[in-house]
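All remarks here apply to the structure that follows.
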Amino acid sequence: MATTAFDSPARNTRAQARKRVASADRAITPSPDPQPRIATRDVKSPVPELNPRTHSYEFAGPIGATILSVTMPMIVLGLNVLCTPDGCPAASWVSSTTALAAHLQPRVAWSALFDPGALVAYLGWFAWCVAMYRLLPGDTVRGTPLRNGQTLLYKINGFNTLVFTVICLLLVVNFHGPDLLLYIADNFVPIIFSAILFTYAMSLGLYLASFKGTKLLALGGNSGNPIYDFFIGRELNPRIGNFDLKQFCELRPGLIGWLLLDVAFLTKQYVTAGYVTDAMALVVMFQAIYVIDALYNEPKVLTTMDITTDGFGYMLVAGDLLWVPFTYTLQARYLSQMPATHLGWLGVLGVLALNALGYYIFRSANSEKDAFRSDPTGPRVKHLRYMETAAGSKLLISGWWGRARHINYFGDWLMSVAWSLPCGFAHPIPYFYPVYFAVLLVHRFYRDEHKCKTKYGKDWDKYCALVPYRIVPYVW
């Protein structure tokens, strides 16, 4: 659920670019292209021309899409059934497929996975989020202009939904005790399986609905291959009336559900062990801050690739509804089953410092970028230097974004490490998230670099010479 922003000839190019920065003060205007520029689209083009065929694949094409569509749920389930209250298998299980199969077999039987009550609970949670979206007040915000000339309106009330949900949960616990939260913790695996069924059903429905009527399709999801388009997402902005399904799923059921699951595991630890460890308190606090921050800044998600570029298919549906709530909670679930994990004051202070550093980089960098986009002459950003591109965009070359082209990724990843460290080093499962997240961020970096190179051409090369570091300043 994260956003994108990813020797001698290079040295000479960099020196020339810096010289141009000095001579033009804040703005750098690229040299006129000697070749005449050709318009890429006639604004009066008929709708079919807005939906060209996709001729290039990501994720290894249909084969990769098939593999990911099958393995993503298996990974989520596997990670969550490895550990039980009786303990986790030794890390050496990786080298013993026979032992691993014997450990997993009783935990992935149909009787252990499917539970009608868990399915009703999951559907009820999704329906609750829909009802809150429709009923609670919120601002109306314009999205980015689409290539058909339209600008969609979005209702922003994710933070209100979170606050109201927490209030209702507190009332339920106050009058009826922690039974609801304990049910969630005790039936976590059947709830995951219910989410898997719902994810497949919703993704199939979205794919079939994309053929009904005239829809604006995602440029990357109209290949004509049903498996690939099902995975990537064919329709760009599927809606039911003014209810935007992609924006709704991006932050609500999965993200708020993530925090709800964390609280359920904290409650489970308290009821089972009689106390809440410092490790559990830190993990839940860190992740609560992250969720609150994302929902409070909900309008900013409207400019991310997920909303503006990617279609809404299995990839995003599974990411929003399955991957985020059920793998980002691995640390809290692990600690609910291993309550003996304690950090002590030095450990607490060290992890607090690391998370604070990551959050500071992440939020400061994103806020700087958003302020510059809104008003480059504003008091907070008027001192920043930038280069102008032939496409009319302004690219920051100082401040946070002068340190690395995706500096926000670095802060985001530091936080992911801070969430895992409280779990100790007895087992690798709690560290799945920072390892996976590093791979995801690098992949996003290269996706965004390709997009920017296509958009800006030679100007992007000049920008990369001015800001040479990709994610980690002075390292990479």
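Here the Cβ of each residue, glycine as well, is placed from N, Cα and C on the backbone.
Listed in TrEMBL for this protein:
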- 1-47: region 'Disordered' (REGION)
- 1-15: compositional bias 'Polar residues' (COMPBIAS)
- 59-79: transmembrane segment (TRANSMEM)
- 119-136: transmembrane segment (TRANSMEM)
- 157-176: transmembrane segment (TRANSMEM)
- 188-209: transmembrane segment (TRANSMEM)
- 270-292: transmembrane segment (TRANSMEM)
- 312-330: transmembrane segment (TRANSMEM)
- 342-362: transmembrane segment (TRANSMEM)
- 429-446: transmembrane segment (TRANSMEM)
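Listed stretches 59-79, 119-136, 270-292, 312-330, 429-446 were compared with the transmembrane segment (188-209); the greatest number of C-beta pairs under 8 angstroms is found for 312-330.
Counting residues 6+ beyond its ends, the transmembrane segment (270-292) has Cβ neighbours under 8 Å at 85, 159, 162, 178, 182, 255-256, 258-259, 262-263, 328, 331-332, 335-336, 339, 341-344, 347-348, 351-352, 355, 359, 415, 418-419, 422-424 in the same chain.
Sequence-distant contacts of the transmembrane segment (59-79), counting only residues of its own chain at least 6 positions beyond either end whose CB sits under 8 Å from a CB of the stretch, comprise 104, 108, 113, 189, 192-193, 196, 199, 225, 227-228, 230-232, 314-315, 318, 322-323, 326-327, 330, 429, 432.
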